[in-house]
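First the structure, in the form of structure tokens, and then the observations on it.
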Amino acid sequence: MEGNNSTKAGPSEMFIPMPVWQQILFITMYVVMIVVAAGGNLAVIWIVMAHKRMRTFTNYFLVNLAVADTLISLFNTAFVSTFLIYQDWWYGEIYCKFSNFINVSTLAASVLTFMSIAIDRYLAIIHPLRPRLTVRVVLAIVVIWQVSIVLAIPNLIYGKTEKYHDRVICLLDWSQELDFGYNLLILIVTYVLPLVTLTVTYARVGFELWGSRAIGENTPVQYERIRSKRRVVKMMIVVVVTFAVCWLPYHLYFVLAATKPEINNWKHMQNVYNVIYWMAMSNSMYNPIIYCWMNSRFRHGFVKLFCCCPCRLCAKFKDRSKPGRLPVTLFRNSSNTYALTDKHHGNGCSQYTTTESVDDASSSPVNHKKGRRTSAEYL
């Protein structure tokens with residue numbers, strides 16, 4: 001947790017026992033969030049990696065984002081939540097260092113992944129003829145984690161535990177000047193600069209996709225490609241806006257606490273910080289929900305993973321998610337045409353062949369053969 005970055009200040013310094021009903025409320029909130037975040041993001045990883053047609057450039061970045069969200073929910077939130085509720089660190093000094101490290105490194109990895117996706121979309125839409133190589137995606141992911149680890153190293157150096165009356169607190173033991181400088185650096189590198197970059201990039205992409213006068217002259221194949229790219233951009237804008245809203249109070253709190261440490265003496269700060277921290281960490285559970293909501297490919301993947309039994313209930317959900325009763329023909333490129341089909345089995349389950357992806361046809365790192373695809377490849 002970046003929380004407790006203050007040298008001797010923070011909500012943990014003014015310990016006021018939390019009423020039982022508040023403990024139950026926050027425990028429930030954290031458990032639900034951790035289960036949904038870990039389960040949803042592991043599902044995203046499986047959907048992409050287990051299905052050949054889902055292994056696209058953008059989806060590889062989404063897997064990286066899912067890995068970061070899974071790590072922070074399992075190795076940071078699950079432990080820090082008990083500290084915030086009971087104001088006692090039970091896990092030792094080594095894990096205090098590691099928990100702070102995981103918080104910053106995964107946050108940085110997430111925002112750098114957002115920026116990589118935006119750049120990838122920009123190149124795919126503004127410069128569609130420029131070659132895109134899988135090795136560049138892998139290299140980008142490696143660089144993302146290298147930068148994130150470097151940014152988080154101070155947490156391994158300065159993180160420590162201290163005995164405070166009858167309890168232990170986890171903090172970063174450094175001067176207030178370093179505390180302010182580091183929090184300001186985190187704010188700029190993981191929030192302000194990325195959001196400015198993402199805003200400019202997606203504005204340029206949006207103008208190209210929605211403001212181009214040549215759209216009316218496109219063939220059906222070209223128009224379907226444009227629609228596919230629009231869907232991806234819309235989904236990523238929702239993801240980025242959700243991230244910005246969730247993390248804004250968190251960053252503002254640490255900047256304010258670094259400049260005005262006395263706010264930590266406010267008797268209600270423990271509850272306020274719990275809400276702020278939960279809101280920031282909850283961002284890790286929203287992305288899978290957004291993918292399921294805005295992309296039929298992921299939606300079918302979630303249905304396949306979570307709804308094998310009872311199959312008849314899932315079939316009803318699938319029926320609602322279908323674009324229509326009749327097979328709908330979508331164009332992937334000038335030579336291939338794929339149709340949405342529904343194969344019913346005796347147990348009530350359905351298998352779907354669908355062409356909508358979280359990426360456009362030109363972005364796939366795999367050269368797919370012509371011809372009919374099996375439903376397993378399409379989820």
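Cβ coordinates are placed from backbone N, Cα and C, and glycine is handled just like the others.
Annotated in TrEMBL:
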type: COMPBIAS; residues: 354-366; note: compositional bias 'Polar residues'
type: DOMAIN; residues: 40-291; note: domain 'G-protein coupled receptors family 1 profile'
type: REGION; residues: 354-379; note: region 'Disordered'
type: TRANSMEM; residues: 20-48; note: transmembrane segment
type: TRANSMEM; residues: 60-86; note: transmembrane segment
type: TRANSMEM; residues: 98-123; note: transmembrane segment
type: TRANSMEM; residues: 135-157; note: transmembrane segment
type: TRANSMEM; residues: 180-203; note: transmembrane segment
type: TRANSMEM; residues: 235-255; note: transmembrane segment
type: TRANSMEM; residues: 275-294; note: transmembrane segment
Revision key, fill the gap. Taken over the domain 'G-protein coupled receptors family 1 profile' (40-291), the predicted model's pLDDT averages 89
Practice item. Quickly jot the same-chain residues contacting the transmembrane segment (180-203) by Cβ under 8 Å, restricted to those at least six beyond its ends, or write none. Key: 2, 5, 104, 107-108, 111-112, 114-115, 118-119, 121-122, 151, 154, 172, 174, 233, 236-237, 240, 244, 247-248, 251, 254-255, 258-259
Study note, to complete from the structure: Among 98-123, 135-157, 275-294, the most Cβ pairs under 8 Å with the transmembrane segment (20-48) come from 275-294
Exercise for review: Report, as numbers and ranges, every residue of the chain located at least six residues beyond the transmembrane segment (98-123) whose Cβ falls under 8 Å of a Cβ in that stretch; write 'none' if there are none.
Suggested key: 1-4, 57-58, 61-62, 64-65, 67-69, 71-72, 75-76, 79-80, 91, 130, 132, 137, 140-141, 144-145, 147-149, 151-153, 155-156, 159, 170, 172, 186, 189-191, 194, 197-198, 201-202, 204-205, 229, 232-233, 236, 239-240, 243, 247, 363
